[in-house]
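Just below is one structure, and these are the notes that go with it.
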Amino acid sequence: MPRILIVDDEANILKSLRRLLAMTPCTAGGKIFPLTVDTFEDPAEALENAFGTPYHLVLSDYRMPGMDGVAFLKEFRELQPNAARLILSGYADLNGLIAAINEAGILRFIAKPWNDYELVTTIAQALALQELQNETQSIADEARLKQGRLSPEDFERQRLEALEPGITRVHWGPDGSVMLDPDALNKD
């Protein structure tokens, strides 16, 4: 079941989006995507959560206090590069939109107020595209493995990363213990 993350500093927007996604089937190409939706008002808290929870898609507001949507999505991309990224905004800031595309790699810009059908369709299409990209990557990895251009260890590492982003980024101590990343713990 695809898990999506929605970040907006307005609680009413989050409630509205959660209600919309709970009531409207998310379909693309004849496939229905049942969704698990996590919402956060604070982008820093969302990033902290994303460190340990894999997401298929993230939808972020553009203008938020403390951290704008582009900065949030850039950091989120570092944690989970394979998740689809969408941005939602009531402001038509061309420079901000260009930055979102170039720096954060967003797939789509959605204007507020949004059209319910367009929003749900965009989410479904993004999930379908992501699924197709993952399948294509898996087939390419299997071919490289058979050709000897990819080691079995690297193949397994990539397979695990596709299933659970971040699972292979473990720091081991000299005694075999798992070391926590101090940079991830100290993000404010």
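Backbone N, Cα and C atoms are what each Cβ position is placed from, and that goes for glycine too.
Note: TrEMBL annotation is automatic and uncurated.
Over in TrEMBL, the protein carries these features:
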type: DOMAIN; residues: 3-127; note: domain 'Response regulatory'
type: MOD_RES; residues: ASP61; note: 4-aspartylphosphate
Could you tell me the mean pLDDT the prediction assigns to the domain 'Response regulatory' (3-127)?
91
Counted with DSSP (H/G/I as helix, E/B as strand, rest coil), the domain 'Response regulatory' (3-127) has 55 helix, 29 strand, 41 coil
Tally every other Cβ atom lying within 10 Å of the Cβ atom of ASP61 (4-aspartylphosphate).
23
